[in-house]
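Under the heading active site, Swiss-Prot lists C283, H342, D365. Taken from Swiss-Prot, the feature Ca(2+) binding site covers N405, D407, E453, E458. Residues annotated as compositional bias 'Polar residues' in Swiss-Prot: 473-486, 495-505. What Swiss-Prot records for A2 is N-acetylalanine, and it gives similarity to another entry as the kind of evidence. Look at Swiss-Prot and you will find 473-505 tagged as region 'Disordered'.
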Amino acid sequence: MAQGCPITGLEVALTDLQSSQNNVRHHTEEISVDRLVVRRGQAFSITLYFKNRGFQPGMDSIMFVAETGPLPDLAKGTRAVFSFTGSGGPSPWIASLEANRANSLEVSLCAPPIAAVGRYLLKIRIDSYQGFVTAYQLGEFILLFNPWCPADSVYLESEPQRQEYVVNDYGFIYQGSKSWIRPCPWNYGQFEENIIDICLELLEKSLNFQVDPSTDCALRGSPVYTSRVVCAMINSNDDNGVLNGNWSENYVDGINPAEWTGSVAILKQWHATGCQPVRYGQCWVFAAVMCTVMRCLGIPTRVITNFDSGHDTDGNLIIDEYYDNTGRILENMKKDTVWNFHVWNECWMARKDLPPGYGGWQVLDATPQETSNGLYCCGPASVKAIKEGEIDLNYDTRFAFSMVNADCMSWLVYGGKEQKLHQDTATVGNFISTKSIQSDERDDITESYKYEEGSLQEREVFLKALQKLQATRSQGPHQANSNPFSSVPPRHNSARSPDSPSLQPSDVLQVSLKFELLDSPKMGQDINFVLLAVNMSPQFKDLKLNLSAQSLLHDGSPLVPFWQDTAFITLFPEEEKSYPCKILYSQYSQYLSTDKLIRISALGEEKNSPEKILVNKIITLTFPGIMINVLGAAFVNQPLTVQVVFSNPLSEPVEDCVLTLEGSGLFRKQQRVLIGVLKPHHKASITLKTVPFKSGQRQIQANLRSNRFKDIKGYKNVYVDIGL
């Protein structure tokens, strides 16, 4: 400065947060290009432009302030004060001088890898020579978890995994049954417009924030804490969470869960209605919406499906199922069930609250089943702890263990009494599935949750879990009847296969029963199958067999039986006989649930023995999907024509047909097309235009619903080029 010129306070004229450049470096450019969204543990640059002069290190002292939450507190780490010389305190932030020009200053700032995530206000205080002090608000930014930062507790080493579990905004959720695993496309849309704001709003609507906002904001640096808050907020059982659950088959005042194809419409509806819960969701919808929120916040997350999933309500690692003497499954008196499939999330994080070795993938289940510390949430439970039977480790590991490894006990109820029929040690936990990394294929990750069925290690882990449970609880009168501690049968010595028969021999009767399908059961067609009876003894056997069929919800809840039959079979020594069965479409069509699941059962008895034998099989009716064709190459900001081909698989007309389509980066909002009536076995197609607004790999998701079916789905992967 020239001699004689008065020294004035340094005044900021303009701040450039360099949002576009910073967001690219922080992998948040799809969230926004004009708002600063950065990740903790990684530097970002800003430029300060001054009014009157440049920054003079000997005469000017700059102090930065970063604040989050309604009551920023230095001690709690929600307020940070730091300068170019560093800072102290529980969560040190870093400021570095990058370039000092005539009237501007380029600065690099970095939040510590333990900083609380959320919305921040950045301020500056400048102390100049002779006591001049100026202070400014430089702007707002959003801070997220950083799986690219080795010091962050959500660090994930593999770049392909980071791309799949943080960046990818579409995927598949597996449904159906272990014999017919069906990939259902889903639009996570974590980078769609306003989704980041809705995710932060979700945190602020939590009970934790409402009770103690200061502490809640301070704890948001922990992915363990944050994931539990999000998990509780996805369902609405304790609060104004995102989704109402409904398994009643009555959805007249909302949306059938099977019709959803993405999270964006759900989250935006929740926000637009003043945070009123959206109607309705079931397990895969809860898990999909949670995946969207967690990926948006920066925690690596994937969606997991477990086929034949145990729901053990009383915590004894036994799933009790009850049948009457016709073979009909009864509404469970204890509410234990085996869900045909159940869907939850895995989130990747360190677990410093647990012994070494239990970090990595953690189970989080937002479906409201049981409470955890008074709230309807489940987890995070270490997948490693589940596999090792460490059911006493936080959080809710016992419940998660039972979902994949409980035993099943079958009971016959008659004359006010209960007779034990069978204890099955191999039913629960099959084909645990998730989408492959950067592929449309399915990954089977069952071995991450349990040792091979029938192995010594698997048996030892199960017994360890039982011993831990026995040490922490006492059994009630009814539980004593199904007490697994006194006599635990050995596990079947065979690996599971989707085609393995449900052969259940009785040691007393020396008779086995199993069902065999004669053809693949399709929606709208008759179901043909046989009951195979085998006499494994040297004596004659006179059998009476009561057969029944009833629809199931995917959570295992039975509906009204619609078919019954009685068979009398005489078996010569070591003879095998087949009893043919047929269920007409006209017999089951009016009784189907949305899930299109039918359970056939047979209860057998031999006239010279009081023992009973039970066999059952779950049938999933298949149906054709939707075909989507993209006509021509796709370019950003250029019209694209999409053709959708669909059909009515039934021999009767269906009404109220509605087609919905969506896809992040392809459609600004969900498209809804009224089709009306589809004639029997009629194939139809429509074309529509859209203008892609994001480049890269994208996906179109489609759903067709009618008065007779709700979830005929299809998808199409589309690569969108930037163009010229």
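Every residue, even glycine, has its Cβ placed from backbone N, Cα and C.
Worth saying up front: this structure is predicted, and the values here are computed from it rather than measured.
Projection of Swiss-Prot feature records onto the structure.
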residue	record	contacts (Cβ under 8 Å, 6+ apart)
C283	active site	W339, H342, V343, W344, T367, H554, D555
D365	active site	C231, F286, A287, W344, N345, C377, C378, G379, D396, A400
N405	Ca(2+) binding site	G310, L317, I386, V428, G429, Y449, K450, V461, F462, A465
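N405 (Ca(2+) binding site) carries a helical DSSP state (H, G or I). DSSP gives E453 (Ca(2+) binding site) a coil state; it is part of no helix or strand.
Classification of E458 (Ca(2+) binding site) by DSSP places it within a helix. Cβ crowding, taken as the number of other Cβ atoms within 10 Å, peaks at D407 among the binding-site residues D407, E453, E458. For the recorded site, D365 (active site), the DSSP three-state label reads strand.
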